[in-house]
Amino acid sequence: MNFKKTAVALALFGFTSASIAQATFSFVAQSDMKAPSHVVFVDDLENLDGAAARLNTASEGQLLKLLALNDFETKLGHVQHLQMVAGLESLLVIGSKDDNGISASELQDLGGIIASSLYSTTKTVDVAVHIDNLTLTDTTLFTPSALIASGYHMRDYSFDKYKTKKDEGKSTVTLVTQNAEMAENHYQNDLKYVAQGIHMARDIATEPGNNMYPEVFADKIKAAFSGIDNVKVKVLDVRDMEKYNMGALLGVGKGSVHDPRLVIIEYLGGDKNTAPIALAGKGITFDTGGISLKDNDGMWAMKSDLAGASAVAGTMHAIANRGEKINVIGIMAMAENMPGASAIRPGDVLDTMKGTTIEIMSTDAEGRLVLADAVYYVQQEYKPSMLLNIATLTGSAARALSDEYAAVITRDFELSTQMMEVGKRSGEHVWPLPLHANHFEQIKSPIADIKNSGAGNPGASIAAAVIATFVDESLPWVHLDIAGVDWLSEDIDVSPKGSQGWGVRFMDQVVREQVK
Ligand code: BES
Ligand code: ZN
Ligand code: ZN
């Protein structure tokens with residue numbers, strides 16, 4: 001679905017960009033049509049069906065005439081705003097034609113489009129969305145209306161805590177659908193938690209570095225997970241890390257007045273004897289580059305260099321709250337990369353928990369350092385059946401794949417292609433980059449076991465090779481580089497610009513697909 005075109009269409013009708021309030025959702029089998037706003041879908045102007053057909057009859061054909069007058073396109077996601085059709089104050093007609101059928105993530109996109117279209121005119125919304133004529137790709141795990149609600153919820157986000165004047169307004173979204181009870185259950189007991197997890201991830205990644213450093217991040221995780229069944233949060237501080245000889249994670253934190261933390265969320269919802277899945281996130285609360293200082297251009301955005309860790313937190317939130325019958329360990333390596341007087345220098349050699357050494361070529365290649373100790377620790381302590389790590393790791397991945405795809409790197413290409421399929425099902429897409437023997441060659445150091453960056457290209461693969469050195473070769477391992485995808489300069493259907501909480505939907509899908 002092309003959001004930019006939708007945005008152009010909205011602009012033509014006097015809509016401006018959104019600032020958004022939080023909505024509540026309900027599911028009903030029939031609507032009294034009393035809500036001031038309504039949404040209907042149209043995929044064929046010659047053969048109107050569902051709520052659109054009923055409205056056309058009620059308006060004595062006025063609906064079709066107005067659509068023709070406005071050159072309405074039935075293309076999926078195209079939006080037309082109309083007023084006073086069959087006496088309705090406001091009507092959004094949305095194109096729903098898709099030759100392949102509408103997929104789960106496209107349903108979420110539709111929900112996002114509804115939210116952004118409505119909020120562009122007012123912050124208080126009372127809308128009924130009529131879902132009785134959508135043609136779907138496959139029988140998705142969830143009812144269409146629950147997915148539309150979840151997409152709306154995902155889009156329904158603003159970060160206004162530092163604005164003196166807050167976004168105000170209360171929104172009520174009623175989804176009118178035949179299987180209202182099942183939809184309610186899907187949304188309230190499952191998809192709602194995914195959207196909340198995404199919002200949690202965005203909150204953490206958007207928070208400025210002065211208010212989000214490792215200690216604060218760890219406290220937020222403890223608070224967010226307290227009281228959830230089968231969850232334990234462990235926080236390792238500097239003394240603990242010293243005991244484990246985590247010189248790489250400690251090294252990155254040395255230039256900052258804020259000490260690093262290693263935070264582990266244990267969620268044991270499955271069988272006691274089943275090995276867990278491990279999710280490891282890079283949690284650099286601010287990346288100045290350290291002594292290898294970045295230039296100022298765009299440096300402010302490095303407040304979101306913890307987006308991998310915040311996505312792990314958001315995913316754990318969703319899984320634990322819905323009580324998935326599975327064991328999952330989320331681990332977040334938190335440090336602030338600053339050029340302080342005790343900061344590590346290029347040329348320094350650091351010890352790692354594994355017992356090997358790393359020579360520092362650039363203190364700005366810090367994500368792989370904190371992850372080296374984190375992934376080693378999680379393998380030692382939890383013997384996972386699979387390890388996925390996620391990080392805003394390299395400009396190289398962002399240059400290669402822009403914001404369409406996160407980079408996926410594995411030792412086994414088959415696993416990468418499986419991840420591409422998971423991506424399609426989740427709505428968050430990944431594309432493989434290689435891991436070749438030459439990438440390991442490039443990180444050989446003359447004085448230590450490895451060095452933290454190579455002389456040249458490809459940067460994303462070299463970074464992965466550093467982490468791979470700390471991952472057991474027989475363990476299924478997925479490396480995700482999200483440097484290009486998390487922070488958006490423009491809105492997309494399911495997220496306003498800024499951090500989109502990338503990875504929550506992807507990792508959530510990975511976990512779902514493991515549940516037998
Ligand atoms: N956090 C950055 C990567 C990044 C870049 C994230 C742009 C989001 C947007 C990472 O720590 C970094 O600085 N990587 C360097 C590595 C280099 C020094 C080997 C890079 O990619 O330039
Ligand atoms: Zn860096
Ligand atoms: Zn970084």
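Counting starts with 1 at the first residue shown.
For all residues, glycine too, the Cβ spot is worked out from N, Cα and C.
Around the Cβ of Lys294 (active site), 15 further Cβ atoms fall within 10 Å across all displayed protein chains. What TrEMBL lists as active site is Lys294 (among others).
The active site annotation in TrEMBL covers Arg368 (among others). Classification of Arg368 (active site) by DSSP places it within a helix. Counting only residues at least six positions away in the same chain, the Cβ atoms of Ala391, Leu393, Asn452, Ala463, Val466, Ile467 sit under 8 Å from the Cβ of Arg368 (active site).
Taken from TrEMBL, the feature Mn(2+) 2 binding site covers Lys282, Asp287, Asp305, Glu366.
Taken from TrEMBL, the feature Mn(2+) 1 binding site applies to Asp287, Asp364, Glu366.
TrEMBL lists 362-369 with the feature domain 'Cytosol aminopeptidase'. Listed as Cβ neighbours of the domain 'Cytosol aminopeptidase' (362-369) (distance under 8 Å, sequence separation of 6 or more from its ends, same chain) are residues 248-249, 251-252, 255, 282, 284, 287, 289-294, 305, 308, 335, 337, 339, 343-346, 350, 391-393, 452-453, 463, 466-467.
Residues or ranges marked as signal peptide by TrEMBL: 1-23.
Among the recorded positions listed (Asp287, Lys294, Asp305), Asp287, Asp305 have a CB atom closer than 6 Å to some atom of ligand 3, in sequence order.
Residues near Asp287 (Mn(2+) 2 binding site) in space but far in sequence (CB under 8 A, at least 6 apart, same chain), listed by position: Lys294, Met302, Asp305, Asn337, Asp364, Glu366, Gly367. Proximity of the recorded positions (Lys282, Asp364, Arg368) to ligand 2: a Cβ under 6 Å from the molecule is found for Asp364. Checked against ligand 1, the recorded positions Lys282, Asp287, Lys294, Asp305, Arg368 give Asp287, Asp305 in sequence order as having a Cβ less than 6 Å away from one of its atoms.
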